[in-house]
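**Student:** Here TrEMBL flags 44-76, 77-109, 147-179, 180-212, 213-245 as repeat 'ANK'. Annotation source TrEMBL lists region 'Disordered' at 279-314. According to TrEMBL, the compositional bias 'Basic and acidic residues' annotation covers 292-301.
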Amino acid sequence: MKARELVVTVAQNPRPPVSTSASLSATSVSKATPFRSEEVANARGETALHRAVSKNDAKRARVLVEAGADVDARNSFGECPLHLCAAHKSLEACRVLLEAGAKPTARNAAGFIPLALAASLTTRDDGSTLVALLATEAPHTVNAFSVGYTALHWTCINDSPKATTALVRNGADLDVLAEDGQTPLLKAAVYSSVACLRLLAEAGADLDVPDNHLRTACHFLAANGCVEGLRVLLEAGADPSTLDDRQRTPIRMAFDTTHFLAVHALAMADASLVRTRRPRPKSADYAVKNNSNDKNEEDSRATASTNRKSAPSPPAWFYRIQFPFLSGPTTN
């Protein structure tokens, strides 16, 4: 009797089937958890969201964000997912993070915010769209300093006119001084970024602001032999006669670095910058005559400085002596 009762009991309560791999996978799919084992932070502290945005996988990033992923989680280098978007130029993933409320003011271990990091990695033809997105969505970060520079300094260093335009349109300070005392215009001159020079000049940047050593943009362009950049600034009204802390003019720096085409461009802008070699005195009364000549020369320089835009072209001897390889006027 007891045996029959045991058989009935087993028949009424059958043993549950053994779970197979297929059934386990089906169960895991039907009851999906937000984070699987492979989505745990790796040795570098990168979460699944970090890895998704590094590959610009916007679809995966959106799934993780909707599942509750931390959009401001930091890896071992202090980088948030937004920093990795900037580093890898992940435009679509960046949009997902900004929509989810990621902080555009977060700084990594090096001190970069995402906008400045993106600006520092731009090139002439790449990265400007991401800079424009970050500047438009977070205009309060446009003038923030990162490693001593603003985003505008970085785009001028990299000669990225499109990114520079985006920053200017979103309120970038044109004359902000970096920690080394240089404005974005000076940075563009140091790196001969002609396109950025033209944009900043048209936007109203100060063309003659000096750095800590009293060097202006014309000094740097002359030393680099960047004739095109010099022409841009001179046509915009830059002063070619300023002195640095070593009493050097831009034309002097162009001479010292043997950039004679730059000398020519500066001399064409202001004929009074060209000095002739005077003969040695032959009589005792030379001092009196020389003082008179000095006064006349100073007056002529003052007049030329006042009317710089209408200054006459250099005389014929200037072309023959200083620039024998150039074709100049044949009459004085």
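Note: Cβ is positioned from N, Cα and C throughout, glycine not excepted.
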**Student:** Per DSSP, what is the residue tally for the repeat 'ANK' (213-245) in helix, strand and coil?
**Tutor:** 17 helix, 0 strand, 16 coil
**Student:** Taking a Cβ cut-off under 8 Å, which residues six or more beyond the ends of the repeat 'ANK' (213-245) line up next to it in the same chain?
**Tutor:** 185-186, 188-190, 192-194, 197-198, 201-202, 207, 251, 253-254, 256-257, 259, 261-266, 269-270, 272-273, 305, 309
**Student:** What does the DSSP secondary structure composition of the repeat 'ANK' (44-76) look like, as residue counts for helix, strand and coil?
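**Tutor:** Breakdown, helix to coil: 16 helix, 0 strand, 17 coil.
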